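According to TrEMBL:
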- 18-252: domain 'Glycoside hydrolase family 65 N-terminal' (DOMAIN)
- 315-691: domain 'Glycoside hydrolase family 65 central catalytic' (DOMAIN)
- TRP347, ASP348, LYS603, GLN604: substrate binding site (BINDING)
- GLU490: active site, proton donor (ACT_SITE)
- 700-758: domain 'Glycoside hydrolase family 65 C-terminal' (DOMAIN)
Amino acid sequence: MKFCVDTDKKNSWYIGTDNYDQFLLNKVESLMAQGNGYLGIRAVSEERQLDERRNMFVAGTFDEYPGEVTELPNLPDLINMEIVIDNQVLSLRDGRIEKYHKYLNLKNGELVRIFTWIINGKKVFFKFSRFVSMKDKHLIVSKVEISSDQDNLNIQIRSGIDGQQTNSATQHLMEGDKRLYEDRFIQLVEETQQSHIKFVFNVRHKVYVDNVLLNIRPYIKMGRRQIFGNYDLNLNRDQTFTLVKYSNVYTSLDQDIKTKELATQSIIKLKDNCKKSYRELLQTSTKVWNKEVWQKSFVEIDSEDIRPQTAINFARYQLAVNTPRDPRMNIGAKGITGEGYKGHTFWDTEIFMLPYYIFTMPNIARDLLTYRYLGLAGAHKKAQANNYRGAQFPWEAAIVEEGETAPLWGSADIVTGESMKIWSGFIEQHVTSDVVIAVMEYLNATGDQEFAEKMGYEMILDVAKFWSSRLEYDQDHDRYEITDVIGPDEYKEHADNNAFTNYTAQWCLQSGIKVYEFLLKEHPDIYEKLNTKMNLENEYPDWLERVNKIYLPRPNQDGIIPEDDKYLQREEIDVTRYQANNQVSDVFKDYNLAQINKMQVTKQADVLLLIYLFEDMFSDEIKADNWNYYEPRTTHDSSLSLSTHAILANDLGLSSAAYRFYEKACEIDLGVHIGKAAQGIHMAACGGIWNMTVEGFGGLRIENGQLRIEPALPKDWHGMEYQINWQESLVHVKVIPGQMIVAVSGPEIEFVSHKQIYRVPADSEITVEVSVKTEI
Ligand code: BGC
């Protein structure tokens, strides 16, 4: 594995770099981004730099600029500090930089940057540190420490709130009041243009020399959307100057504050925080990281190579930083680490990130699924607009009840020169099934009856209603088809009978039928309620008539499941050079989408994802045949592809291929290639790292509603341990060569391993012999 950032030799909790590398600037800003699920800030430097992307977002605060697509507004900059030393503006491009080191402590989210700036014959030592609190989600604390080898060094600092940020030139925020309270606290109030969400930003600085707090008042300067405090003082060679900046952010969507009194209440909160030191606040935040993240998602890999552990730490860090703990919001494809995908949510959440939450923090999984439940209004709207019934979930989701948010137009076609229409919002329909796949997985793992009764059953039934109305009857074959869709392989637009779409649609209909019959028999009260709401008794006969007539592309004589009706007849080209190239979408340099549509070129796991998700539907031979067929035709241009390939390869006993895919998947963000991480982290790839580690090598799956544990570790791993939640119990799995120990806290559990059923009595453990799969 090649990581863009160094990992300290023995410490898998640090990612860092000793190079100030302009080329990797944006990537490092994304990789080391900080946050707490509520707000996210890129790891920009305090002083401004060329080509930087200074972003701060608060989850869920979408706004739609006229004529543009809804997006998360880029908020005022609270990180910027302009520093002038003896009349020379701090810039890493001037003078000489020595001993540069920038690192992120993944364990508590503290970002530190240290360097010596040699300028005009002086050596000036800088240390910048900051964190976003996990304890108080509104709070950001930053600190700069400066010392030098000279007497009488003049330091001027301008720091405050700079609302002149934009989303690539779009300004979402209208300026409100700018204020100073008690000579020390500065405040900017703003409001989004269209969604009218109010924001309040507050800052207070504390200045110390040699740890003694100075009683100095800042000289305040205001500009358009800007309010700064200015400090000016002289320092001797044996002294250290420290400035601590306490900032907070509140919005009118917050539920933990009286939103009518945002401006005054938020100042009171900041005052409280200012009573504590940087260190004290970091300590309380660190405790929350430990308790809420690291203990709950415990994974330890025993290997000489620390990179696998770094990768899983990084993935869990990013998931924690980018997941809102509020059911009105969901995880963006790039989280809140950059402008990419505008903060929108895709199927990435359900298929790639939810397994992590279902097994480690089921309450968060429930919130993420609740978001889809709250989104039913938008899903109905979308179905109706397309003349379907039931719930058709949006391909891209933002404001929970608004439904489809996908953009209509993309960049220009290299052949025609015209803007390309983005069809996903219209015809990439598998997302509706993906939601139900996740609901079922959640219910199987947790047995959360309350969720099922309040939300889960309704979602399953509403989706069955959609698919039933979506099916097209083909008289010639007396069967139902689904034509004109995009499957997970987005390089095939307007495909007929995409295997992934058809199989999952049938499965959703089967699930709807099961839930319908179960409720009718076991819970007539719930049945009645839902029947009144959804007219189910009129739907059900159709479901029964249709479900077994849905056309499923079956394996052909060579065992290949056709990805769609035409795929296997399309022209074949050699994709190895696109696979070998580490930049994504290189195939577009040679062909346009219309041309790629006619070729056997697959963007990402499609049939193979189906096989992975519904593994008990297909034999090992069919799995291997499809692996051998599709992988060589896949460019892996989506960050969602590699993790599925790694897991499937491991399942097939192809352990070296599995490890190769695993390493590449870990490098999607952490790797040396710039890729798209410049615009934000790939959240689904982070989920994928956990999936490959725990579901892949750790062998954790749900099969027919039952827990299955069949580890198969890479050859260089001596062992691994992980913890999951299963029903009411916490389950700790330890794998060592030839053995696994499954320990339970809580009630008895049952699991399957290699077709044998094991029981672990309440609060005890058992040891199971594990056979090692060998390469075939
Ligand atoms: C992928 C989609 C994915 C989206 C957001 C696209 O490139 O093809 O499957 O949902 O990115 O991550």
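Just so you know, glycine gets a Cβ as well, placed from its N, Cα and C.
Where the annotation comes from TrEMBL, it is an automatic prediction and has not been curated.
Looking at the shown structure, can you explain where the listed features end up?
In this structure, GLN604 (substrate binding site) belongs to neither helix nor strand by DSSP; it is coil.
The number of other CB atoms found within 10 A of the CB of GLU490 (active site, proton donor), across every protein chain shown, is 19. When secondary structure is read from DSSP and collapsed to three states, GLU490 (active site, proton donor) falls in the coil class.
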Please give the maximum pairwise Cα distance, in Å and rounded to a whole number, for the substrate-binding set TRP347, ASP348, LYS603, GLN604.
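In whole numbers, the farthest two Cα atoms are 16 Å apart.
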How many neighbouring Cβ atoms, not counting its own, are there within 10 Å of the Cβ of GLN604 (substrate binding site)?
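Around GLN604 (substrate binding site), other Cβ atoms within 10 Å: 22.
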What's the number of neighbouring CB atoms sitting within 10 A of the CB on ASP348 (substrate binding site)?
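Step by step: centre on the Cβ of ASP348 (substrate binding site), count other Cβ atoms within 10 Å, giving 28.
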Can you tell me how the residues of the domain 'Glycoside hydrolase family 65 C-terminal' (700-758) break down into helix, strand and coil by DSSP?
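Going through the domain 'Glycoside hydrolase family 65 C-terminal' (700-758) residue by residue, I get 0 helix, 39 strand, 20 coil.
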If you average per-residue pLDDT over the domain 'Glycoside hydrolase family 65 central catalytic' (315-691), what number do you get?
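The answer is 96, the mean pLDDT of the model over that range.
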How many other Cβ atoms sit within 10 Å of the Cβ of TRP347 (substrate binding site)?
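So the Cβ neighbour count for TRP347 (substrate binding site) comes to 24.
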Using C-alpha positions only, work out which of the binding-site residues TRP347, ASP348, LYS603 is nearest to GLU490 (active site, proton donor).
LYS603
Given the substrate site residues TRP347, ASP348, LYS603, GLN604, which other residues of that chain have a Cβ within 8 Å of the mean position of their Cβ atoms, reported in sequence order?
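What remains near the Cβ centre is PHE346, PRO488, GLU490, SER638, LEU640, SER641, ALA684.
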When DSSP is mapped onto helix/strand/coil, what comes out for ASP348 (substrate binding site)?
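Looking at the DSSP assignment, ASP348 (substrate binding site) belongs to a helix.
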